[in-house]
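Peer 1: The structure that follows is given in the form of structure tokens.
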């Protein structure tokens, strides 16, 4: 196979540029120049181009087009393609390509087998992995450190830490990667005791070893205090370890501590910002999520999918339509990838902000939809009073034979409840059990109680509660109590409060609601008794809060608060309106 010498090829300015390229656009331009100069026919140049595509873009389709132009691919080119497939979303293609290599007489080497084993691990192909191991051993690569490390990782990803440990123990020339692979395998499978033992036995550790332990205790186990001990003990910390630590705190909702560590970071990347933005959004501190998103943009950091989804979710929680639109426009202008996750988040945001036309437009234009997308649309339509349209979506899913799950049925029942579609809701509940063989959970019964409660069918609710295969929870009893107030059923309400007390879920909200039920029917003695009970137990009514979007900024108002920054402006507007009303009178 004729090739130009690497020394001569590397002097070519195009290949030097290819080595420095960072984006798909740059690689495409160099590719075009390689074609016009006929350098693409050189195997070495083609292999460098293919390697750049795989390592810098992981664009499988583009890599396949380049491969098709190479008439006599060498082992380097074949290994590059195996790597491309192994690291893609379709790792099984790596095995098919490897099988094709063997048919053409191209045998694997100590670089091929680790990539094939990686593909086996990604697809949990334990049987395939064992066959590859057998072939590697027969060909004399069983003791190669790259192959051994690939085997350890493959077995761990398939959940077979025992077999991984057997390979690890037999191999006498273990390197740091071998130790970290075994350590990471135990952590990935949640075997922290074994991970701790391996960590203690390690002859040397690097920053990866420490970060694996921080991830294990912090993110996997939720034991952030133990993770913090490792973090504080690290000889040197890299960006990954800092991000692992803030992610651990964010996962368990300790956002103040996460923010404290985040603020101490001398260097931050987009992952650092995304963890914090998503953490604030997940734990309902939406205003801070948006503040941090703005700060990130001001510092010139381009957001990724996680940060934009977190910011869009924050807009959903606040009903901040203008900010949500601005983020959507920002993504379009910057040509960010609007994948199924981002598009679903946008649909959810527009629905929760009441902009149904925009939500429908995005939903209908989505090239693919998953069950989460459908669920978001169905629930959103129901919450906005479009129950019939929500049921049409459900019917369309049935026609397209989209697989249903219990969360989807929960969404449909919620839509029926919001739209008071009692008959339809009962029909769907029965179809869930009878047609789709899905056993309703407590949440489904809760939706059914809410649906019937709005319609005043309290007797039927009691029959359902008695026939349920599980005990009602506080949320279900709470729905029934709310129905009792709507339909002024004092006797049933008193029973419900007793049940909530048994569950120790009789908080201030329950007693305020019961007090209001007494007041609605003029039972003042009962109302006073509840108020006295609340006073004796030192219960306080939850403070009411509301938010409003003003000129793109979200303002929060607390009931009874007089120190708001916009207080004077608000009072001035109210006084002006009052004067206008008096003048009109």
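Placed from the backbone N, Cα and C atoms, the Cβ positions cover glycine too.
When I checked TrEMBL for this same protein, it listed these features:
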REPEAT    74-108  repeat 'PPR'
REPEAT    175-209  repeat 'PPR'
REPEAT    238-268  repeat 'PPR'
REPEAT    269-303  repeat 'PPR'
REPEAT    339-373  repeat 'PPR'
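Thinking about packing and proximity, how do these listed features fit into the structure?
Peer 2: For the repeat 'PPR' (74-108), the DSSP-based tally of helix, strand and coil residues reads 24 helix, 0 strand, 11 coil.
For the repeat 'PPR' (175-209), the list of distant contacts is 145, 148-149, 152-153, 155-157, 159, 161, 164-165, 168, 215-217, 220-221, 234, 236-238, 240-241: same-chain residues at least six beyond its ends, Cβ to Cβ under 8 Å.
Across the repeat 'PPR' (238-268), the model assigns an average pLDDT of 94.
Across the repeat 'PPR' (269-303), DSSP assigns 26 helix, 0 strand, 9 coil.
When the repeat 'PPR' (339-373) is classified with DSSP, helix, strand and coil residues number 26 helix, 0 strand, 9 coil.
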